[in-house]
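Before any comments, here is the structure.
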């Protein structure tokens, strides 16, 4: 037979567990929105930098189309930052400059190097979005999962996969030093993700 004292302890425990779960969910969602907004800012700047050099070339139309999608991605995460009152990455000026420099630098190496940059960045980003979806769906109970956030990440992930595939279709693998270039860019992206999650 349960005593009133035991019932009171159980109720407190459930309340404490629910509160901890809500805090954990909130921290995860904040981290996801912060890093994704920073990433989409960087992606915008990459395509912007590429268009400075390649805007009037054959690849310019393709790059411009991808840039338009990236601008929509950033706008989606800007809305989520405001809606959830998430603190944006304090390093936004760094992501802005780094993205533009990467885009400009790869464009100076040619159209194929620009496409190799797209393949490298988007492969890391698709993997990153998949990790986030798993974290939201598996690590956090369904009562804590936000359907709008899940659908936003899924939709954007699918468009990033299209960008990756477009890069391959446009000769990315024929870029000079493709493996070294993409490896370096992937490493930089992974580092930026880790930093933007926290800062």
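Any Cβ shown, glycine's included, is placed from N, Cα and C.
Note that the coordinates shown come from a computational prediction; the quantities given were computed from them, not determined experimentally.
Binding of Fe cation 2 is attributed by TrEMBL to 122, 160, 163, and the same site annotation extends, among 70, 83, to 70. For the Fe cation 1 site, TrEMBL lists 70, 73, 160; matching the candidates 40, 111, 127, 197 against that entry yields 40. When the binding-site residues 40, 160 are compared by the number of other CB atoms within 10 angstroms of each CB, 40 has the fewest.
Taken residue by residue with DSSP, residue 163 (Fe cation 2 binding site) is part of a helix. Other residues of the same chain near the Fe cation 1 site, with their Cβ within 8 Å of the Cβ centroid of 40, 70, 73, 160, are 39, 43, 44, 69, 72, 74, 125, 156, 159.
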